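Let me begin by presenting the structure, written as structure tokens, before commenting on it.
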Ligand code: FMN
């Protein structure tokens with residue numbers, strides 16, 4: 001039953017090591033260029049950003065985590081309260097369970113009740129065309145995310161392994177819902193080619209969710225009797241820094257960089273690479289034990305982003321996007337091979 005699976009995912013992510021083992025996000029290969037004369041008042045730095053007409057106080061998104069199990073209701077309530085307080089965007093986990101089992105609806109509707117003004121993002125799978133409008137209605141969503149998770153489906157004992165027709169279904173979803181549709185991966189990243197296909201299908205927002213943070217092969221390994229395949233694919237995917245640069249080079253729609261981002265310094269690098277916002281899931285699940293922990297985490301994130309902006313002389317997120325950076329190591333190698341000129345970043 002989906003609802004039991006949701007609880008297992010929460011418990012595994014809270015209590016086990018589910019992050020990539022040897023592969024990293026690639027942000028360690030990215031250096032913003034220090035500006036010894038920033039000519040900026042740090043206290044005046046503006047972190048605000050606008051997403052489909054809604055003004056947010058920070059480019060930080062809490063990306064899809066949960067819902068669909070009574071235990072998830074409390075987590076969603078906590079996340080909704082801090083999102084409203086800090087005026088940041090919040091995504092919920094897959095809404096399929098609630099669309100099919102009305103008794104689970106309140107595990108999602110609790111979010112809007114506690115976050116009346118927040119930018120909220122609903123969540124369904126690519127083949128779930130028939131659930132799209134119901135998902136939007138249950139959450140009163142501003143954006144509908146369609147999750148892409150072929151790795152998880154491959155390792156999950158009950159996985160859906162026929163991925164034919166997904167692009168067409170995504171295109172139909174963009175036609176039938178009257179809010180913007182986002183495509184999001186779940187920790188393996190999105191390539192330049194896939195980003196173009198998604199935008200051609202009508203998607204107006206991409207959350208890249210690259211490799212280096214939570215590994216869904218890892219999560220499913222803990223649920224499987226046989227660990228062989230999960231262990232083998234634990235570190236599969238496009239590193240987050242690479243995926244961010246690939247997608248930014250390929251399409252014009254707004255981009256969320258995510259997957260293993262853990263602080264405002266990495267966020268600053270992601271934005272200078274071309275992202276408009278950044279997202280995190282696992283840290284918010286771990287901090288959802290109290291409002292104080294969640295608020296402190298958001299405070300550290302915003303302040304570390306502000307310091308990075310001060311040190312490159314950026315007053316706004318738009319100015320940060322133009323900041324120069326140097327890309328080295330494996331990340332440079334990858335981008336070189338893929339035809340992305342890294343000098344466009346270092347000599348802007
Ligand atoms: N992503 C979805 O699109 N739908 C989901 O239902 C969903 N459930 C998740 C449940 C948990 C407990 C966690 C930790 C993540 C979940 N994700 C889901 C994936 C996250 O949104 C994100 O893509 C991934 O965890 C990588 O980001 P991170 O490294 O910051 O955790």
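Every residue, even glycine, has its Cβ placed from backbone N, Cα and C.
No curator has checked TrEMBL annotations; they are predicted automatically.
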Recorded FMN site member, picked from 214, 244, 316, that accompanies 63, 64, 65, 66, 94, 123, 184, 260, 261, 262, 281, 282 in TrEMBL: 214
Recorded FMN binding residues, 63, 64, 65, 66, 94, 123, 184, 214, 260, 261, 262, 281, 282 - maximal Cα separation rounded to whole Å: 23
Between residue 153 (Mg(2+) binding site) and residue 95 (substrate binding site), the C-alpha gap once rounded to whole angstrom: 17
Number of other Cβ atoms within 10 Å of the Cβ of residue 96 (substrate binding site) across all protein chains: 20
In sequence order, those binding-site residues of 63, 65, 96, 152, 260, 282 whose CB lies under 6 Å from ligand 1: 63, 65, 260, 282
